[in-house]
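Sharing a structure here in C-alpha cells format.
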Amino acid sequence: MGKTSKDKRDIYYRLAKEEGWRARSAYKLLQINQFCNIFDGVVRVVDLCAAPGSWSQVLSKTLFVDEKDEEMRKMVKIVAVDLQPMAPLPGVIQLQGDITESGTAQQIIAHFDGALAQLVVCDGAPDVTGLHAFDEYMQSQLVFSAFSITSHILQHGGIFVSKIFRAKNVNLLYAQMKCFFKEVTCCKPKSSRLSSCEAFIVCKNYCPPEGYKPTLVNPILATDYTACLEQLEGPMNKALVPFMACGDLSGFDSDRTYPLNLAELSDEFKQFDYKYTHREVLQPPTEPAYKRACELKRNTELETHTHQQRQKTQSKKPAKSGKSREVAQSDVIDEFEEGCFERLML
C-alpha cells in the first residue's frame with residue numbers, strides 16, 4: 001500500500017495533517033460545537049481519555065490560543081486526563097490518572113482551585129472486536145465510568161459530551177442520561193464515517209435528581225459485591241430488585257428430559273402406582289393463526305400451496321427494465337444486506 005493511499009481514501013485524515021491536527025477526530029468536536037455551541041461561555045473544561053490529544057488540541061486552540069481577550073485567556077483552564085502520557089499543548093494541564101478513581105476527581109477540582117468544570121468531553125473507546133453486542137457493552141461501561149467521574153466534577157447546568165455506540169440498547173443510555181440532564185441530543189458529525197456505529201451524546205444542563213450522591217463505586221467491577229453495595233447511600237444510589245426462586249427446589253427441573261413412565265425415576269412414583277397415559281390438550285386454541293397451515297400439512301399440500309403463493313407474489317412485482325435476472329437478484333441481496341447492517345450497527 002502506497003504512502004498516499006490513505007490520503008485518497010480519507011479526506012479528514014488528509015486535512016488533519018495539512019491543518020496541523022493530531023488526529024482526524026478533531027473535526028468531530030469542531031462539528032459538534034458548530035451545531036450545539038458547547039464552547040459558549042466556557043472557561044473550565046475537562047477532556048477525559050484525552051490521548052493522543054486531538055480534542056484537547058481543539059479546546060486549546062478555540063478557548064486559549066485564539067482568545068484575544070487577555071483577561072478571559074487567564075481564566076481558561078483545560079485539564080486533559082488519560083492513563084497514557086501525551087505531548088504538551090498550550091493552556092492544557094495534563095493529568096495522568098484513572099477516571100475510575102476518586103483521587104483523579106480530587107486532582108481535577110484542585111486544578112480548578114476548588115471550582116467545578118463547566119464542560120466535560122470524552123472521546124474514549126475500547127478496542128473493537130467486531131462483536132457488536134460486546135463492543136457496545138464495553139463502550140457503555142466506559143461511558144458509565146466517564147459519567148461517574150463527571151458527576152463529581154461538573155457544576156449544575158454544565159455540559160457532558162461522550163462517544164457512544166448506537167446499537168440495540170442505546171435507548172437505555174438515553175433514558176439514563178435524561179435522568180441527570182434536561183437536554184440530551186445524539187449527534188453524528190459529518191467527519192464520523194457512515195459505516196461506523198459511533199455517535200456522540202451531548203447532554204446539557206446538568207441537574208441530578210434530588211438525593212443523588214456522586215459515587216465511583218461500580219458493583220460490576222467489585223471483588224466484594226456485598227461490601228460494594230453497602231457503600232451506596234441514598235434512595236437514588238441504591239435500588240435492588242430481589243430475585244426469588246419460587247416453588248419447591250427439589251421438584252421437577254424444567255430443563256431436564258424425563259421418561260414417560262415416572263415410576264422408573266424414583267420409588268416415590270412406584271408407591272402411587274403411577275402409569276403414563278397420553279392425554280389430549282384440555283383446551284386447544286380455537287382459531288390459531290397456523291390452523292390453515294396445519295390442515296395443508298396434514299393433507300400433504302403445504303409445499304404445493306407455498307410454491308403457488310410464491311409464484312403469485314413474484315408475478316405481481318414489476319419487472320426491472322434493462323436489468324438481467326442476475327442483476328435484479330443482486331439488487332435484492334444488496335438491499336437485504338443493507339437492512340441487516342442497519343439493524344446490527346445502528
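A Cβ is built for glycine as well, from the same backbone N, Cα and C atoms used for every other residue.
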According to TrEMBL, Gly53, Trp55, Asp82, Asp98 bind S-adenosyl-L-methionine; which one of Asp10, Asp123, Asp127, Asp135 is listed for that same site?
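Same S-adenosyl-L-methionine site in TrEMBL: Asp123.
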Find the longest CA to CA distance in the recorded S-adenosyl-L-methionine-binding set Gly53, Trp55, Asp82, Asp98, Asp123; express it in Å as a whole number.
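Among the residues the record ties to S-adenosyl-L-methionine, max Cα distance equals 18 Å.
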If you average pLDDT over the domain 'Ribosomal RNA methyltransferase FtsJ' (21-206), what do you get?
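Averaged over the domain 'Ribosomal RNA methyltransferase FtsJ' (21-206), the predicted model reaches a pLDDT of 93.
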Work out the three-state DSSP category of Lys163 (active site, proton acceptor).
strand
